[in-house]
Amino acid sequence: MNLMQFNFLILSTDGRFRTMANMSLDNEYKLELAKTGLFSHNNLIKCIGCRTILDKINAKQIKRHTYSNYCISSTNALMFNESMRKKSFTSFKSSRRQFASQSVVVDMLARRGFYYFGKAGHLRCSGCHIVFKYKSVDDAQRRHKQNCKFLNAIEDYSVNEQFGKLDVAEKEILAADLIPPRLSVKPSAPPAEPLTQQVSECKVCFDREKSVCFMPCRHLAVCTECSRRCKRCCVCNAKIMQRIETLPQ
């Protein structure tokens with residue numbers, strides 16, 4: 001393979017992955033490296049998007065490159081991979097300490113394009129590349145540049161950042177189910193079962209009583225068994241970030 005062919009090969013993730021064929025690494029790990037722009041050449045690990053050159057796999061250096069604030073290839077990979085951005089918040093000791101027990105906040109930040117790149121207290125947007133000191137989710141959202149693809153990436157429902165700290169009384173209020181209003185319209189046929197039973201039955205199996213409240217949308221719609229299979233709310237299709245079990249009505 002001549003140099004021109006090799007340069008063409010490393011333009012794609014698959015091509016960079018193929019350059020690592022002789023490396024004694026797990027294929028899944030090789031693919032992750034290739035996604036961030038890394039490839040193997042003359043027994044060295046190089047990057048197509050920055051000047052990174054490694055003579056061997058170094059976990060710390062690989063992590064710094066993966067969540068880089070300077071590499072074009074890593075930034076592009078982060079921009080198209082929310083799970084990768086989310087993982088950055090658990091990849092550094094300082095981020096684990098800062099965002100401990102704040103999984104909902106981390107989800108919201110990752111969804112908005114932000115990731116942690118190793119500088120204590122600071123975040124970077126994978127879309128507009130803005131770097132700033134983190135204060136709150138709302139403040140972070142205002143930092144986006146006007147042409148950023150994540151500028152309007154806001155959930156339909158707002159979540160209190162300190163939701164995990166709500167007391168029992170507040171959680172019971174959030175878990176309350178609103179019964180649909182009764183209409184003064186005479187039905188054309190008698191109901192198959194009492195209205196109270198329809199209101200309290202699970203919207204998935206229509207058998208057991210609903211007892212799990214989804215957050216952040218706050219819909220109480222399914223039973224405990226069915227809730228385990230739900231990734232999105234069956235009422236509004238919002239992504240489920242937390243489940244709260246309630247007492248039978």
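Backbone N, Cα and C atoms are what each Cβ position is placed from, and that goes for glycine too.
On a predicted model such as this, the values are computed, not experimentally measured, just so you know.
Record features, source Swiss-Prot:
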type: BINDING; residues: Cys125, Cys128, His144, Cys148; note: Zn(2+) binding site
type: REPEAT; residues: 85-152; note: repeat 'BIR'
type: ZN_FING; residues: 202-237; note: zinc finger
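Counting residue by residue with DSSP, the zinc finger (202-237) contains 4 helix, 9 strand, 23 coil. Per DSSP, the repeat 'BIR' (85-152) is made up of 25 helix, 10 strand, 33 coil. Same-chain residues that are not part of Cys125, Cys128, His144, Cys148 yet have a Cβ within 8 Å of the Cβ center of the Zn(2+) site turn out to be Gly113, Gly127, His129, Ile130, Arg143, Lys145, Asn147, Lys149, Phe150, Leu151. Cys148 (Zn(2+) binding site): 18 other CB atoms within 10 A of its CB, across all protein chains. Under a cutoff of 8 A between CB atoms, and with a sequence separation of 6+ in the same chain, the neighbours of Cys125 (Zn(2+) binding site) are Arg112, Gly113, Phe114, Arg143, His144, Cys148, Phe150. Note on His144 (Zn(2+) binding site): other Cβ atoms within 10 Å of its Cβ, all shown chains, come to 20. Cβ neighbours of Cys128 (Zn(2+) binding site) (same chain, under 8 Å, six or more residues apart in sequence): Gly113, His144, Lys145, Asn147, Cys148, Phe150.
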